[in-house]
Every structure is written in structure tokens, then in C-alpha cells.
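Everything below concerns the one structure shown next.
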Amino acid sequence: MVSSSGSSFDLLCCLVVLLILPFSSLSSDPDSLQDFCVADLNSSISVNGFPCKPDAEVTSDDFFFDGLIKEGNTTNIFGSKATIGNVLAFPGLNTLGISMNRVDFAPGGLNPPHSHPRASESGVVIEGKLLVGFITTNNVYHSKVLTAGQMFVIPKGLVHFQLNVGEGKARTITAFNSQLPGAVIVPLNLFASTPAIPNGVLTKAFQVEENVINAIKSKLGS
């Protein structure tokens, strides 16, 4: 026979689990507690977002952004350009847990292997043909060639890339479940950091001679 005290304890445990589960399943920025919080980018304080601009100073323009209209300049070593639409460029996104980028590609252009530590990414190809790929933490590579109108998703924190495999220009619009997803660009982080990662670390990691590391650093501007 089960005691009433034991049943009460089991019920209490179940209630605690039910209360905790929703919090542990959150996968984006914290929810806002007000209608909006347009970022005060001039503030020196920032903890998971910026302080709010006073309501009396908020205007309609704070909720509209035309920064993704212009084509990005792809004349660089990778042949691609990401135009960023996060909270730093669009203060109205503050506390809303969303942002968007535009990425332009020259023929043969590459958005180099990178990751977003604070967000999952979804995107749609607007123009051209792109090879989109990502690598899991088990070193499994998933990829597909996409054309205009097709979408892709990159799970949070995984290394991924897009390569223009078409004959002309290409363009994507990507969305993130964070106002400031961050970007860890693998080749630049490894070979063009300030201060530089010691060559001994890189030669051992990639199992190559030091002259190879120096050649890569010189091409990336380190």
C-alpha cells in the first residue's frame, strides 16, 4: 500500500519537472517584458541586450530598416559580403530575439566556414545557385545545391558555409533567432587573430610545416 505522504511527494516532483521543462527548452534570446525596447546604443551598459531608449524618444523610424537593400561589395579574398541586420545596425531589434543578414556572392564566391554561437540560422536563396553545407559535432557533413526560392537551416553553433556554384552572382537572405547571433569565421579566427595564435599550435593542429602556416597568414592579412 502506498502512503499518502509518498504520493504527495511524487506529485510534487512531477509538478516541479513540468515547471522546469519549458525553461530548459528555450533556444533563443530571453523574451521581452514590454512591447518593445529600442536599443540605446550610446549606453555603456549591456547585459543580454541594451538599455531601452526612453519611450518619449522612440519614433516610427526605429521599427524600420533599409540596410539590406544595397548589394554588398564582394571584391575581397572570399568573393562574398555579409550585410548585417542585427541590433547594432537596427536598434529596434533589441530584446526581440531576431535578426537578418543579406549575403552577396560574386561568381565562385564563398561565405567561408563559420558558426553563430548564439543562434540557429534559416535562409532562402534569392538569386543564383549555392552549395550550402554544415558539419555536425560528429563530423558528419550535410550539403545540398540550392537555387532561388529554396531554403536551408543551420542548427545553432555548427560550422557551415555557402559557395556560389552558378555562373553569375548569387544572393541569400538569412534569419536568426537572436538579436546578436555573433559569427566565428574559422579561417580568420585561426590565422588572422590579434594577437596571433602561436605557429606551434597551428602546425601541430594541421600537421603541416611552419612555412605553410605563414603562407596562409600572409594571404589572410595577419
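Cβ coordinates are placed from backbone N, Cα and C, and glycine is handled just like the others.
Because TrEMBL annotations are produced automatically, they should be read as predictions rather than curated entries.
The signal peptide annotation in TrEMBL covers 1-27. The disulfide bond feature in TrEMBL is assigned to CYS37-CYS52. The domain 'Cupin type-1' feature in TrEMBL is assigned to 66-214. Under the heading oxalate binding site, TrEMBL lists ASN101, ASN111, HIS116, GLU121. The Mn(2+) binding site annotation in TrEMBL covers HIS114, HIS116, GLU121, HIS160.
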How does the domain 'Cupin type-1' (66-214) divide up by DSSP, counting helix, then strand, then coil residues?
22 helix, 59 strand, 68 coil
Using Cα coordinates, what distance in whole Å links CYS37 (disulfide bond) and ASN101 (oxalate binding site)?
21
If you count, for each of the binding-site residues HIS114, HIS116, HIS160, the other Cβ atoms lying within 10 Å of its Cβ, which residue has the minimum?
HIS114
Same-chain residues six or more away whose CB lies under 8 A from the CB of GLU121 (oxalate binding site)?
VAL153, ILE154, HIS160, THR174, ALA175, PHE176, PRO181
Within its own chain, what residues at least 6 apart in sequence put their Cβ under 8 Å from the Cβ of ASN111 (oxalate binding site), listed in sequence order?
PHE78, SER80, ALA82, VAL103, PHE105, PHE161, GLN162, LEU163
Under a criterion of Cβ-Cβ distance under 8 Å and sequence separation of at least 6, what residues of the same chain contact CYS52 (disulfide bond)?
GLN34, CYS37, VAL38, ALA39, ASP40, ASN94
